[in-house]
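According to Swiss-Prot, the features are:
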BINDING   GLY20, VAL21, GLY22, LYS23, SER24, ARG25, ARG127, ARG162  ATP binding site
BINDING   SER24  Mg(2+) binding site
BINDING   ASP42, ARG66, GLY88, ARG146  substrate binding site
Amino acid sequence: MARLEVPRPATFVTLTGFMGVGKSRIGRELARALMLHFIDLDRYIERRTGISIPDIFRHLGEEAFRRMEKEAVRELVGKDYLVLSLGGGTFMDPESQKALLGRGPVVALWASPETILERAMRKPGERPLLQVENPLERIRTLLEARAPVYRKAHIHVSTDGRRVEEVVEEIVEKLWRHAEARGA
């Protein structure tokens with residue numbers, strides 16, 4: 001059966017950014033708006049391994065998790081019709097970063113450290129990197145270290161104080177501008 005081709009600015013979009021910026025929620029809605037499939041990389045890894053992300057960190061360590069992420073990215077960049085929501089640290093890997101930047105538009109989502117903390121605390125057990133005495137300071141430190149890499153994304157959108165629909169609308173507009181600039 002032939003796939004119905006509809007006008008869309010991209011057939012593979014990656015969402016990156018720090019934990020708690022809204023990549024998963026926004027990714028689902030963006031995929032719906034663009035009529036693409038949605039994959040949350042963390043959930044994908046959990047399904048493949050049968051182990052939750054916190055348990056992977058706890059029992060196998062961060063290094064093992066990063067290897068799993070890299071392998072999953074390598075596999076998924078070969079897919080089409082996909083919005084891929086990365087884990088907060090996935091884009092830090094140079095190999096994954098290069099593959100994703102070359103595959104299609106990468107959208108970096110941003111939020112303030114305070115917003116990130118508030119959102120992350122809604123699911124405290126799911127955020128292994130924040131199991132520290134001062135999580136806000138940890139967020140600031142990690143965000144400062146990761147920001148130069150997130151800035152390599154093609155498109156940047158703030159999620160602070162905004163509804164998901166608003167953010168998705170802005171991303172779609174910027175994806176069309178990005179496609180036009182590239183002559184697609």
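Each residue, glycine too, has its Cβ placed from N, Cα and C.
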Exercise for review: Have a look at the binding-site residues ARG66, GLY88, ARG146 and say which one has the shortest Cα distance to ARG162 (ATP binding site).
Suggested key: GLY88
Check your understanding: Looking at the binding-site residues LYS23, ARG25, ARG66, ARG146, which sits with the largest number of other Cβ atoms within 10 Å of its Cβ?
Key -> LYS23
Practice item. Over all pairs in ASP42, ARG66, GLY88, ARG146, the listed substrate binding residues, work out the largest Cα-Cα distance in Å. Key: 18
Study note, to complete from the structure: CA-CA within 10 A of GLY88 (substrate binding site), subset of binding-site residues GLY20, LYS23, SER24 in residue order, equals GLY20, LYS23
Study note, to complete from the structure: Note: among binding-site residues GLY20, VAL21, GLY22, ASP42, ARG162, least Cβ-dense neighbourhood at 10 Å is ARG162
Point to revise | Cβ-Cβ distance under 8 Å to SER24 (ATP binding site), same chain, at least six residues away | key: ASP40, SER85
Revision key, fill the gap. By Cα geometry, the one of the binding-site residues (ASP42, ARG66, ARG146) nearest LYS23 (ATP binding site) is ASP42
Check your understanding: In DSSP terms, helix, strand or coil for ASP42 (substrate binding site)?
Key -> helix
Revision key, fill the gap. Simplified DSSP label at SER24 (ATP binding site) comes out helix
